[in-house]
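Peer 1: Annotations per Swiss-Prot:
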{"type": "ACT_SITE", "residues": "His362", "note": "active site, proton acceptor"}
{"type": "BINDING", "residues": "8-11, Lys22, Gln73, 78-79, Gly140, Glu155, Asn170, Asn227, Arg332, Lys350, Tyr365, Asn376", "note": "UDP-N-acetyl-alpha-D-glucosamine binding site"}
{"type": "BINDING", "residues": "Asp103, Asn227", "note": "Mg(2+) binding site"}
{"type": "BINDING", "residues": "Asn385, Tyr386, Ala422, Arg439", "note": "acetyl-CoA binding site"}
{"type": "REGION", "residues": "1-229", "note": "region 'Pyrophosphorylase'"}
{"type": "REGION", "residues": "230-250", "note": "region 'Linker'"}
{"type": "REGION", "residues": "251-457", "note": "region 'N-acetyltransferase'"}
Amino acid sequence: MYNCAIILAAGKGKRMKSSMPKVVHKVCGKEMINHVIDNVRKANIKDVNLVIGKGSETVKEHTKDRNVTYSMQEEQLGTGHAVICAEEFLKDKKGTVAIFTGDAPLITNETIQELFEFHNSGKYAATLISSTVQDPTGYGRIIREASGVVKKIVEHKDCNEEELKVNEINSGMYCFDIEVLLNSLENLNNDNSQGEYYLTDVIEIIKKSGEKVGAIVVPYEEIMGVNSRVQLSEAEIVMRKRINHKHMVNGVTFIDCESTYIDVDVEIGNDTIIYPGCVIQGNTTIKEECTLYSNSRICNSVIGSGVIVENSVILESHVGEGTTVGPFAYIRPETKIGKSARIGDFVEIKKSTIGDNTKVSHLTYIGDAEVGSKCNFGCGTVVVNYDGQKKQKTIIGNNAFIGCNTNLISPVKVNDNTYIAAGSTITKEVPEGSLAIARSKQINKEGWLDKKGLLKK
């Protein structure tokens, strides 16, 4: 059986009060439209078409790696009109098409699979997703026949007294037999107060033709649409609970899961402990037995097993197993730190490689450098990598000891097994086995304070 999907993503999203299309706003690190696309794909649906309109180029930019096709809806004349705009996508296809909304990011791949299976096994012409809620005010009601088969969808404003008591609501997401849908769209009109073409009217057209219409009922959170910043926040809360629950089931300890913020594509190994206030973003991978103390942020990075991070920021970097980072360290993009290293407090590292067992314990800046293994950096060391026009490279070999308050003026090379005396400013290569001293000779002027009248008696 051929299955495909159309995702409606042309809405303006006026209530978002944003210059961006509504569907590219993110929930737990991923655009709403990409949540829907990815879950459709997890349900083994290969052909996906997006109906786009306002901000179409922005939507295309955010979905360019998703291997989807696009249909344009120049004017927003209702959900039925949006599907009419995708008729070219459906042309000459036979099978089943599902229609989803790009602003409902909480729909799961399990529900999508269930929708297709229910629709195809029951040989329905149309199947819709519904939900039951305590307060259905404002929603279209699902009216069923005594047998349980869907009879019609009635908008709230058109409900009679009995229909208002129904608490099963329409989600705006459907499955259709493609041929039946295309035939029904030919009979769709905009004879209503809004002058729009409603997809809900297609259900009534199908019923009148004698075809079967079914429905599956899912939890409300799965069909919740996002039309405002308030609803965006509500969706974020639901998604975050799902993400954290998944990690806890897989063996991750959260000291306080409600104050831990993890993006949807993050991977975390078992026996890792995460303290409150941590933010883990993007395509980050954290391996087994790590400890992330409070107020740490890690984005698009790989953290090896047994790493300890405390009150630190790690961006687009790799940290080797057994390394400790922080407190208050700043690991900037394109940094690779080896195994069992020590990156201490108020250390900033940018676009550099740090070898195994190297210690950079405090108050140090390293930029555009290659540092070997078993090195030790004293407090206050600075790699001076910028000459006013471009960044220069520093190379430090294995077993180098860098004394406190050393300036390494790039480009410069410090070879294996070297010592640099505290307070030195190094501008030339330091040979292997050498001690480098580059500082002014100390001069003591005896009696100077007395001569200047500054000596307190």
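Note: Cβ is positioned from N, Cα and C throughout, glycine not excepted.
How about a rundown of where these features are and what they're close to?
Peer 2: The Cβ of His362 (active site, proton acceptor) lies under 8 Å from the Cβ of Gly344, Asp345, Phe346, Val347, Cys379, each on the same chain and at least six residues away in sequence.
In the three-state DSSP classification, Arg332 (UDP-N-acetyl-alpha-D-glucosamine binding site) falls within coil. Around Arg332 (UDP-N-acetyl-alpha-D-glucosamine binding site), taking its Cβ as the centre, 17 other Cβ atoms fall within 10 Å, counting all chains.
Every protein chain shown contributes to the tally, and the Cβ of Asn227 (Mg(2+) binding site) ends up with 15 other Cβ atoms within 10 Å.
Non-local contacts of Arg439 (acetyl-CoA binding site) by the CB criterion (under 8 A, 6+ apart in sequence, same chain) comprise Ala421, Gly423, Ser424, Thr425.
Here the region 'Linker' (230-250) has a mean pLDDT of 98 out of 100.
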Peer 1: Restricting to the same chain and to sequence separations of six or more, state which residues have a Cβ under 8 Å from that of Asn385 (acetyl-CoA binding site).
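Peer 2: Once residues fewer than 6 apart are set aside, Asn385 (acetyl-CoA binding site) is near Gly367, Asp368, Ala369, Lys391, Gln392, Lys393, Thr394, Ser410.
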Peer 1: Which of the three DSSP states, helix, strand or coil, fits Lys22 (UDP-N-acetyl-alpha-D-glucosamine binding site)?
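Peer 2: SS state of Lys22 (UDP-N-acetyl-alpha-D-glucosamine binding site) = helix.
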Peer 1: Just checking the binding-site residues Asp103, Asn227, Tyr386, Ala422: which sit within 10 A of Asn170 (UDP-N-acetyl-alpha-D-glucosamine binding site), CA to CA?
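Peer 2: Passing the 10 Å Cα cut: none.
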Peer 1: Please identify, from the binding-site residues Leu8, Ala10, Ala422, the residue with the sparsest Cβ neighbourhood, meaning fewest other Cβ atoms within 10 angstroms.
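Peer 2: If we count Cβ atoms within 10 Å for the binding-site residues Leu8, Ala10, Ala422, the smallest count is at Ala422.
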Peer 1: Quick one: give me the count of other CB atoms within 10 A of the CB of Lys22 (UDP-N-acetyl-alpha-D-glucosamine binding site).
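Peer 2: Lys22 (UDP-N-acetyl-alpha-D-glucosamine binding site): 26 neighbouring Cβ atoms within 10 Å.
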Peer 1: Between the Cα atoms of Lys22 (UDP-N-acetyl-alpha-D-glucosamine binding site) and Ala422 (acetyl-CoA binding site), find the distance and write it as a whole number of Å.
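Peer 2: About 57 Å separates the two Cα atoms.
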Peer 1: Tell me which residues of the chain lie with their Cβ under 8 angstroms from that of Gly140 (UDP-N-acetyl-alpha-D-glucosamine binding site), as long as they are six or more apart in sequence?
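Peer 2: Residues satisfying the criterion: Ile153, Val154, Glu155, His156, Ile169, Asn170, Thr200.
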Peer 1: Once the chains shown are all counted, how many other Cβ atoms turn up within 10 Å of the Cβ of Asp103 (Mg(2+) binding site)?
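Peer 2: Its Cβ has 26 other Cβ atoms within 10 Å.
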